[in-house]
Amino acid sequence: MDSQYETKKNDPNAIMPYPESNDEHVGEVRGLGGGIMDKEPEAQEGHAKFHRLGWKRLTVVLIVEAIALGSLSLPGAFATLGMVPGVILSVGMGLICIYTAHVIGQTKLKHPEIAHYADVGRVMFGRWGYEIISFMFVLQLIFIVGSHVLTGTIMWGTITDNGNGTCSLVFGIVSAIILFLLAIPPSFAEVAILGYIDFVSICAAILITMIATGIRSSHQEGGLAAVPWSCWPKENLSLAEGFIAVSNIVFAYSFAMCQFSFMDEMHTPSDYKKSIVALGLIEISIYTVTGGVVYAFVGPEVQSPALLSAGPLLAKVAFGIALPVIFISGSINTVVVSRYLIERIWPNNVIRYVNTPAGWMVWLGFDFGITLIAWVIAEAIPFFSDLLAICSALFISGFSFYFPALMYFKITRNDAKSQGKKYFLDALNMLCFVIGMGIFGIGTYAAIQDIMDRYDHGKVSKPYSCAPLA
């Protein structure tokens, strides 16, 4: 505790509890700038409320953030890249992301004052770094919420056969309302309770998809042996098409963006290693098995998300079962960005603890505002999905790869106990940096090229259109 206290004491931007041994300051909560925050019960209760997360619930919250219906886009990526490259990329990227998450955890332990990813920008680069990463952080989270609005719209349309003529805007509004309601709990420990439902939901949807596609293929002429899957990339594969498939695999592991936010709520932050290893192994298993098995059952004609390949009836069943994961995984992003903005605007006020009438009014206002902005952006931009892909290439490449590499070189490199280990980690982090910059450059090009191709083929929808989404 003392070393953590000394670190925070020397940082004017730290939220600093006094050491437990100093009775004079028991119950006082420090705010930004080091001033005594509040001695009233609301501040004490609020501080305790936001430090209840253990490693098991952290694992669940990370699963909510990381594993959503995007996992069912991986069979399509395998169909483009081939079975062998698909498996290698799925396992390899998973292992690399476990390591970069470890670097983020080490950075958090060395700088306990880092509450959100934007804060590490200040530690590494000063005020300008903080503002740039803050912009990336907020924009990407809002766009992810918007993507869940669109996914919900597609889901309602599929279940209801496009609502028998119902305007798809209605489905978008319903999806936004559900996302708003599920984002009301402000604590990640509370969100973790919904996380168990989320995990069962996605596992059940994946299992139904694999069983249904396997049965459909076995009943076709020649059975499963006649499915024309390939070990290698499909013929005449363009750079843009291939890298979009690679990006689908890479972005499936993009849980690092919210890791600082989640760890800041842990009562024992050093336990993070158990969580990231558990999450990483779960992700690798789900993604690799889902991608490989469904591709082997369906072949190159597999749709994205893959549950659409299960047949009309079972696609409706799978979408219905996946309903919780669509909205729970989307709402947690609203919680993260709202928490960040409120803590930035009211660093020295009990409003940030959301346990007073004023705090709840502010919280519900931010929850509603973020959800509304996400819905407007998702409906107003006719190529929103491709814009999300561009932002992911620009930002996720940093959050998951090159920023952790920079954290290693600027913050944790000297922790290596031997010169040989330091050289090995130097090489590993250089690899992470190169991967990140490659995704940044080629991924952005591929996403822009895809937008141009969609315009050329007339596949771009109109803003606020009532037409069914697909």
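Start at 1 and count along the chain as shown; that gives each residue its number.
Heads up, the Cβ atoms here are built off N, Cα and C, so glycines get one too.
Per TrEMBL, compositional bias 'Basic and acidic residues' is recorded for 1-11. If you look up TrEMBL, you'll see 1-21 marked as region 'Disordered'. If you look up TrEMBL, you'll see 52-449 marked as domain 'Amino acid transporter transmembrane'. What TrEMBL records for 58-78, 84-104, 132-157, 163-184, 191-215, 242-263, 275-298, 318-342, 362-381, 387-411, 423-448 is transmembrane segment.
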Any contact, the transmembrane segment (275-298) to the transmembrane segment (242-263), with at least 3 Cβ pairs under 8 A: yes
Same-chain residues near the transmembrane segment (318-342), Cβ under 8 Å, at least 6 residues beyond its ends: 61, 64-65, 67-69, 115-116, 118, 134, 137-138, 141-142, 144-145, 147-149, 151-152, 155, 158-159, 175, 178-180, 182-183, 185-186, 188, 191, 194-195, 197-198, 201-202, 204-205, 208-209, 212, 258, 261, 307, 310, 351-352, 354, 362-363, 366-367, 370-371, 374
Positions on the same chain near the transmembrane segment (387-411), where near means CB under 8 A and six or more residues out: 96-97, 100-101, 103-104, 106-107, 110-111, 117, 120, 123-124, 133, 136-137, 139-140, 143-144, 146-147, 244, 247, 250-251, 253-254, 256-257, 381, 425-426, 429-430, 432-433, 435-437, 439-440, 443-444, 446-448, 450-451
